[in-house]
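The structure appears below as structure tokens.
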Amino acid sequence: MQVYKVGGAVRDRLLGLPVTDIDRVVVGATTEEMLAQGFRPVGADFPVFLHPKTGEEYALARTERKSGRGYGGFTFYASPEVTLEEDLIRRDLTINAMAEDDQQNLTDPYHGQRDLQARILRHVSPAFAEDPLRVLRVARFAARYAGLGFTVAPETLELMRQLSKSGELQALTAERSWKEISRALMEDQPQVFIQVLRDCGALEVLMPEVDALFGVPQPETHHPEIDTGLHTLSVLQQAALHKQPLTVRWACLLHDLGKGLTPQEQWPRHIAHEHTGLKLIKAVNERFKAPKDCHELALLVGQYHTHGHRALELKASTLLELLQSFDVYRRPQRFEEFIAACEMDARGRKGLEQRSYPQADYLRGAATAARGVAVQPLLEQGFKGPALGEALKRERLKALKAYKEAASG
Ligand code: CTP
């Protein structure tokens, strides 16, 4: 049997990037031979094994034939006769379809190296269409390598367009899609992920609520970029520049969904978009089974981002409601993430990227003031149950009034 490194390990070494996980392909071996050598099988029908010592992945060279819809519809054909070239041709991109032996001799039948140099993400063969998740993967690679100048080959984008139209994307499981989406959002240029999905018609299928924002105008005074879709991309870009966590990036992507519902007669104003958007934000989160922290923050940012921007003008009672909604006393981190998302929203506007955002410190100060109210003295005064809750609220309101006065004076 022969063993080769394949996929990301070869690609990233040639790009001069750090290699984290190494996938290997095994040519000329049977499942029985692998098991006899102590390899541990992964899953029942999948010809993938873990090395007994290193735990690294070894996959038998295989061809794939599609027998049904979606990923579950695969049957794998692995046999010692399958050649390296036959294995590589069914991979997604030419830059991912190179193999390397122990001496770093490269096998590159589909010109991955040429495409690496030309900075092109190009599919290897029509077998690309066997796994619709690859539409998301290509968009993710585009986001990851945009800084190096990579773009998607026109013929690959066309194939992605056909796949998006075919209804295949709907067959993807929420888990597989979310894994790609969440990884893509954490790349340096997550806005490229959304842009590429849009360019091939996949955004319209996966997140029609986000797609609908393109072409929707906003008032130029606050939004010199005007278009809500472009604004959303910029907010996402700011979130990445400021190294925000996934929760914040996800909330940034979804914060303005309500603007896609505004009747055209009301353009460019979007009255109450914070509320109209909530059901859409919920729907997107449920579609991809987003983790609870992402889902919660997206809803809160959707509902309250305008409060964030208007923080300095809010009445003490409104500030208190805001802090209560975030349960800032027990969940201080979530409020920090809200502030970050608001700041990204404010900066994700054409020409305003460097603006200061005094609302951030003001909100932090308000949270500190409200949290500074001690429970003990109220307990000592005999408050308990709902009455204690009310007394706490009153004290916090007092603290916030004092805070507001001190801040304006
Ligand atoms: N692959 C594929 N189609 C998929 C998933 C994987 O063709 N839907 C192939 C590609 O050749 C890929 C390799 O399997 O390079 C390994 O896949 P994976 O580990 O998911 O990705 P990497 O390319 O290693 O990229 P990353 O750095 O994102 O992990």
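Backbone N, Cα and C define each Cβ position, glycine as well.
Taken verbatim from TrEMBL:
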- G8, R11, R91, R137, R140: ATP binding site (BINDING)
- G8, R11, R91, R137, R140: CTP binding site (BINDING)
- D21, D23: Mg(2+) binding site (BINDING)
- 228-329: domain 'HD' (DOMAIN)
Problem set entry | binding-site residues compared (R11, R91, R137, R140) - the one with the fewest other Cβ atoms within 10 Å | R137
Exercise. Including all protein chains shown, what's the count of other C-beta atoms within 10 A of the C-beta of G8 (ATP binding site)?
Worked result: 17
For this session: Quick one: of the binding-site residues G8, R91, R140, flag those whose CB is under 6 Å from ligand 1, and say none if nothing qualifies.
Result: G8, R91
Problem set entry | Site diameter for ATP, Å, by largest Cα distance between G8, R11, R91, R137, R140 | 16
For this session: Find, for the listed binding-site residues D21, D23, the residue with the lowest Cβ contact count at a 10 Å cut-off, counting only other Cβ atoms.
Result: D21
For this session: May I ask for the distance between R140 (ATP binding site) and D21 (Mg(2+) binding site), taken between their Cα atoms and rounded to an integer number of Å?
Result: 17
Seminar exercise, completed: Under a three-state DSSP reduction, the secondary structure at D23 (Mg(2+) binding site) is strand
Exercise. What does DSSP assign R91 (ATP binding site), in three states?
Worked result: coil
